[in-house]
Amino acid sequence: MELILVNVIDGLVTGLLLFMLSAGLTLIFSMMGVLNFAHASFYMLGAYFAYQISLALGFWVGLLIAPLIVGVMGAGVERYGLRRVHQYGHVPELIFTFGLALLIEELVQFVWGKNQMAYDIPDILNFTAFSIAGNSIPAYKIFMIFISVGIFMGLLYVLTKTRVGMIIQAALSYPRTVEALGHNVPLIFMGVFGVGTALAGVAGVIAGPVLGTFPGMAFVLGSIVFVTIVIGGLGSLWGALVASLLIGWITTFAKSYNIAMSDILNGIGIATPENLSDNMFRDLWTVTSPQIADILPYILMVLILIFRPAGLFGKRES
Amino acid sequence: MSTAALELTGLKKSFGKAEIIRGIDLSIGKAERHAIIGPNGAGKSTLFNLITARFPPSAGTVKLHGEDLAGLEPYQINRKGLSRSFQITNIFPKMTVFENVRCALLWSQGYKYSFWNLVNRSRALTEGAEAILEQINLLERRNLPAGTLSYAEQRALEIGITIAGGADVIMLDEPTAGMSHSETDYITDLIMKVTEGKTLIMVEHDMGVVFGLADRISVLVYGEIIATGKPEDVRADPRVQEAYLGAALEAEH
Amino acid sequence: MSDQLTTDPSKPAQRMRAGSMTLTLGPWIVAAIALMVMPYIFTSNSALTIMNQMWITVVFALAYNMLLGQGGMLSFGHAVYMGLGGFFCMHLMNYIEDFGLAFPLPLLPLFGGLFGMGFAMIIGSFSTSGAGTRFAMISLGVGELIAACSVIIVAFFGGEEGISGDRTYGLPFFGVEFLKQIEVYYLISFWLMLSAVLMYLFSRTPVGRMANAVRDNPERAQFLGYSARWVRFYSFCASGFFCGIAGGLFAISYEILTEENLNATSSGVILLVTFLGGVGFFFGPIIGAIAFTLLQTVLSLQTELWAIYVGALFLATVMFFPGGLAGLMMMHVPALRLGKASGLVMPYIKTLIPGAIGVLGVCALIEMTFHFRHAAKGDHEMTLFWTTFDSHTVMPWLIAGIIAAVGLGVARATAPAMKEAWDEANTAGGAS
């Protein structure tokens, strides 16, 4: 029982982190129709910038300023890069963001080198909040949960209760109409892109100490974020939340409970073959849930794309 | 009575709560030239899309030569002999004019998904395409990318592609939209020439074209057909005059 | 009507057919001759290895472009089809070795192709219903899945060490046992020519033409009697076939396949290669593959930062010339036709050469920054452009900075003149 609670908390942390990344991505897609492959790269930049700032000014200043820098960079990318490529079509846009992701990874290595940075949890948060059945829950994780939930609340408030939010929602679906009404839609696009990437930056700032700050961190998380928004439904914020939490919990539970495939197969009545090391299917028999934990999201995505192509909450394609 | 080329029975279509097509019954005979007119927003394009299975109807049936088209995909309907053009020019802009027409001939000449024939080598394809180009008067433009043609030429190409496959029921969606007087006359002559002996269903706004081409007219207002019949009869119908800006009907003639 | 043995000039159709066949045959013959002759020009073993890698990449890139350029389908996980074909061939190779089968090695890529196609049929059955984002996402998911499975399913994929084998156990092919690198070269060249010709011809078949049509306007294609979904499916399977052939060639050449051949990085590289070369022309991927292989092998020897330059080049391609290198080349065709291309030579020299020098200056600055920041403590010397200098003094930085500024400045200043010359070269009439 207690183990379940630990996993619930762990999964929640992962899921909310994933949500911060996928929320920005799905908003950007919804508005501009472009899947920003470089989104996880901004996440990485957030971590690195925060690290660099924290060396001089401390963690909290880093938390405040790094996302802003990332957001400004994101807006710049939209204004000078994406907008230019937009005229060529969707495929070049995708390829552009892909190339950008590559370049950012190389640039990060250029500036900071290939090793992991010593980006650590700030001392005030470096203690155990409480223990469940011998597993200690670090206070930092609770902090991560609070920040994520706070951001989500803020986002929800801005989008649904403020005027700017209304305009953004309208521009999400009918940019031309909104433009005809006199709003500066290109500015809105730039703003949404900037905010989306800033969100990714925040995720990087708080995840950096825990998941490690190294040049490969964008790559590791990048495709999972895509999987998340596809499962949730492209363009749907609620979908992103549900899918993120789902994936967070599924992967956490799969990793912590060591369920072996052989047990399942035995359970449904198929006996383990005798000479397992020579058997062609030996890998299938020996696979355990931690091994496949990381690919479960992909399996889920492929299934969803086959049976419910619009995702859990997505709008049906016309 | 022979089977109608196209028969619509109780056709309805709603998008959410908005009922666009409210129940249409229409029967169009073989080799008949039928025009559908009506004010903007009446549902003419939606009707076309229903017939060609761009989306399924909410109720009612569409029968082509007596065969129910329910559940069929657009490409299957096309193979049964129904072809359409689009209101917004829908050609292959990056291909040459010649290739556009040649692609339209591929299925009807039985090539299907073959990867063992080379299209350049087929004399039947080349000559067939040239014949069509001749009919639509674009033979000199054959090697230009289709996207570089003038608007009227593109519309002519669109019509060429539509009839190339040998379909016997041709549906044209506002073929003369956006054209000048002389261009309109030219396209009208073209349509008359290429749809000789075929069933033609046309959505049109230009009354001159309608009266010149059509054997019968249907008037579509708010998703319902309020009148069907010979052009002179429809023109004289008071309901039509009232619903469809009677002044416009008078002004043309 | 008489048979088409006699070309009747008055019949434009026949004249066109005969004419275009001889015209298009030319490049192929030149290419075949070049392929055969190149080992005698570049004789070193490392040159042979580079060329082998180039040709394998060409086959892969051409197969990839069947989807991207011809079909308008962007696939993010395409390396799996090449990888799977390769792994299958490796197993086949080991099978031949273990059981002494009388199987000639040259036939191996064919089976790689069939295996790749088989997988493409399975995946394509559900992935090709859409062409845009949905297709891209499924390809990404499937690609990641299979790459991840490759670490788990050790029986087929060999885990961390991959699967290795020995190609010399096959039935000797006219006495050749493929022990020597040059024999492998000619085998790869043969399959390269065969695959390229087949892929080219495929684009000229009904399904190939309709693939273009479906790419440009899927709705219109429906009303020509073609199911867009089936057309995409056939393209997908054909692409999978040739990817599998590339995998088989890889297996023969390197005698080892690992998880790296399947992963997202490989998929990303082939996308880069194809796009860099130019997706709008058949020969685009060929140029891209050659250019990229050269950049990768030659540049990586000169600098650790070659990936940055390639990445920047890639971004520049997307932003400024999305037609790729092939597009850049073909852009000059109208000027050549008008006979006015010679008017471009001087403006190009005046603008592009200073520009190139300026770029090199920037690269020098980047290199020096990298060295300054990351070299071991006390190691101040670095070599760049055949000169050795101390990166911690001001002089080199100043020189590089000036070169960069001057080069780019001159390029900027002469650019309007180049634009004028370009316009002039592309308009008919006027002085030639």
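Placement of Cβ uses the backbone N, Cα and C atoms for every residue, glycine included.
TrEMBL lists A:12-37 (among others) with the feature transmembrane segment. Listed as Cβ neighbours of the transmembrane segment (A:12-37) (distance under 8 Å, sequence separation of 6 or more from its ends, same chain) are residues 43, 82, 86, 90, 93-94, 97-98, 100-101, 141, 144-145, 148-149, 151-152, 155, 168, 171-173, 175, 188-189, 192-193, 195-200, 202-203, 206-207, 221-222, 224-226, 228-229, 232, 234-237, 239-241, 243-249, 251-252.
Residues annotated as transmembrane segment in TrEMBL: A:49-73 (among others).
Sequence-distant contacts of the transmembrane segment (A:94-112), counting only residues of its own chain at least 6 positions beyond either end whose CB sits under 8 Å from a CB of the stretch, comprise 34-42, 44-45, 48, 77, 81-82, 85, 215-216, 218-219, 222. According to TrEMBL, the feature transmembrane segment maps to A:94-112 (among others).
Under the heading transmembrane segment, TrEMBL lists A:139-160 (among others).
Same-chain neighbours of the transmembrane segment (A:181-207): 17, 20-21, 23-25, 27-28, 31-32, 36, 39-40, 42-50, 62-63, 66-75, 77-79, 82-83, 143-144, 147, 151, 155, 167-168, 171, 175, 217, counting only residues six or more beyond its ends whose CB sits under 8 Å from a CB of the stretch. Taken from TrEMBL, the feature transmembrane segment covers A:181-207 (among others).
Residues or ranges marked as transmembrane segment by TrEMBL: A:213-231 (among others). When Cβ-Cβ distances below 8 Å are used as the criterion, the transmembrane segment (A:213-231) is approached by residues 18-19, 21-22, 25-26, 29, 35, 37, 39-41, 43-44, 47-48, 51, 101, 104-105, 108-109, 112, 114-117, 119, 204, 239-240, 243-244, 246-247, 297-298, 300-301, 304-305, 311-312 of the same chain, each at least six residues removed from its ends.
Long-range contacts of the transmembrane segment (A:238-257) within the same chain: residues 3, 6-8, 10-19, 22-23, 25-26, 152, 224, 227-229, 231-232, 289-290, 292-294, 296-297, 300, 311-314, each at least 6 residues beyond the stretch ends and with a Cβ under 8 Å from a Cβ of the stretch. What TrEMBL lists as transmembrane segment is A:238-257 (among others).
Residues annotated as transmembrane segment in TrEMBL: A:295-314 (among others).
Cβ atoms under 8 Å from those of the transmembrane segment (A:139-160) belong to residues 9-10, 12-13, 16-17, 19-20, 23, 121, 125-129, 168-169, 199, 202, 206-207, 209-210, 237, 241 of the same chain, restricted to positions at least 6 beyond its ends.
Only residues 6 or more beyond the boundaries of the transmembrane segment (A:49-73), in the same chain, are considered here, and those with a CB under 8 A from a CB of the stretch are 42, 117-119, 121-122, 194-195, 197-202, 204-206, 208, 213.
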